[in-house]
Amino acid sequence: MAQQHGMVEKRGLGIWMTHAFMILGVLVIFFPIWLAFVASTVTQPEIVKPPMPLWPGDQFWENYSRALFSGVNVPVATMLFNSLVMAIGIAVGKIIISLLSAFAIVYFRFPGRQTFFWMIFITLMLPVEVRIVPTFEVVAGFGMLNSYYGLIFPLIASATATFLFRQFFLTIPDELAEAARVDGARPMRFFWDIVVPMSRTNIAALFVILFIYGWNQYLWPLLITTDPEMNTIVMGIKQMFPSGDDVAEWPVIMATSILAMIPPVIVVVSMQKLFVRGLVDSEK
Amino acid sequence: MEKRVTFRGWLLPILLIAPQVIISAVFFFYPAGQAIWQSLFIPDPFGLSSQFVGFGNFEFLLSDKFYRKSFLTTAIFSILVTLCSMIPALFLAVIADRLIKGSGVYRTMLIWPYAVAPAVAGVLWLFMFNTRVGVVSWYLGQLGYDWNHVLNGGEAMGLVVVASAWGRISYNFLFFFAALQSVPRSVIEAAAIDGAHFWRRFFGIVLPLITPTAFFLLVVNVVYAFFETFGVIHTITAGGPQQSTTILVYKVFSDGFVGQDLGSSSAQSVILLVVVGLLTVIQFKYVEKRVHY
């Protein structure tokens, strides 16, 4: 790489300038997160008398344990658990139903195949935001308000994942299916022994993207979880602000904000390669 | 493209595709159909019966000055969010692309905000600009600028735009960075030998080569601004002051759930359906053959 860059790569002052710009950029982008972290480690009086400090205080355990175990309406630990169930439910559910339907579309010829394919395609055009009221009524009709089913099912059908798997299955050599057929293997055996293992990387990359998608949902949990016990953390933060003139409990709210971003950040940063791949794949 | 080798049978594939089709039908098609159906009626105030009004709800909406204003608000909001997220991202990507060492570290730092939910981003920015305790608003006050997004519509718009664009910078950065990395070094070197300086090379060679990526990001960011920024607006301004940050999606929610005006909310949903449809078509028609990673 170094030789290739050689000619156009700046040296000396230039390279330091470049690093300086980059660091400045990172600092600006990072500032909101830093400030939230600082606020989660100081006392309420330190915040309500501006300007608040810009360096962490000593109330870390105090604020985080208060948030986790008592919270404002409901312990944040409960909301974290709900978010985890929802995010994993959506990610795993989407992957399973998409794997199955993509397998059916690619490896079989059956009546209505085209119709079903288009039907799945069109769901791309129906984000939850444009069908909120009727979808809410459907979920209420099933008695799924304030339940994990209600949080997960309406968001679980994904055209994107189905297309991604379809695309990938089409690249699996025909010889493999041929061999399986000659050996008299049943389709589902071929699916489990060949197709799923070969899709491992795609599944993992998609899991990262879908986990974050599920975790970061806001509007849908806001509509269907009226019981604070079922709130997810991302929608629950807003519920912690008092209505009227009371002063918000900023240290607890900011500790909750930090807790809300930790799981997706860990997933993104620790699986960075898969994440970037999933991002690029799922937008294709 | 189709497989040559397929398995026989029709019952198994139907069973395999059934979960997705059933869920799509129950939670996507039926509600969308309901939205279209309800948009043709006006329910009475008690919700006991409703009266067929044809396109009445649409006619009313299109002549409603608040709805028209919401369209304009959405347009301004989307353009600003797209610009504020793409320009800094491109700038950072260009800088990162010049580095041989260390770009990995910066990349790791820069993707953080992507993982932060829009609603949480809203809370973070609200905290910084809070009129009572916000650090930034306090320092602005020291400089003699009286920040108040609760009363000032322009400031409210600025705040929701920045909070919405913030997380997208990460996303755009990743795509721009990948595109820049794939520009052949030999082309750039050749231009450098010919004496083209950095900006000349950037505008003459690099920018045209990454245009497909930029166009793709443009569409994706507009879709994001339209549909995924609800959390930001709900946490920061709740559409106010005086509806100055009420984008279309927020209005569907506030008219449907808060205002209980089902007919109008459904008609708005239908209009949004058309908008998503158009955006999806654009995305597929023009963006298909865009990048060569």
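Cβ atoms here come from the backbone N, Cα and C positions, even for glycine.
Keep in mind that this is a model prediction, so the values were computed, not measured.
Quick look at what TrEMBL annotates:
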type     : residues  : note
TRANSMEM : B:12-30   : transmembrane segment
TRANSMEM : B:71-96   : transmembrane segment
DOMAIN   : B:71-283  : domain 'ABC transmembrane type-1'
TRANSMEM : B:108-128 : transmembrane segment
TRANSMEM : B:156-180 : transmembrane segment
TRANSMEM : B:201-227 : transmembrane segment
TRANSMEM : B:267-287 : transmembrane segment
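With respect to Cβ pairs under 8 Å, the transmembrane segment (B:71-96) is most closely packed against B:156-180, considering the stretches B:12-30, B:108-128, B:156-180, B:201-227. Using a Cβ-Cβ cut-off under 8 Å and counting only residues 6 or more beyond its ends in the same chain, the transmembrane segment (B:156-180) has close neighbours at 73, 76-77, 80-81, 84-86, 88-90, 92-94, 96-97, 103, 107, 110-114, 116, 118, 121-122, 124-126, 129, 149-150, 206, 209-210, 212-214, 216-217, 221, 224-225, 229, 232-233, 236-237, 240-241, 244-245, 291, 293.
Here the transmembrane segment (B:201-227) has Cβ contacts under 8 Å with residues 74, 77-78, 81-82, 85-86, 90, 94, 164, 168, 172, 175-176, 178-180, 183, 187-188, 191-192, 247-249, 275-276, 279, 282-283, 286-287, 289-291 of the same chain, all six or more residues outside its ends.
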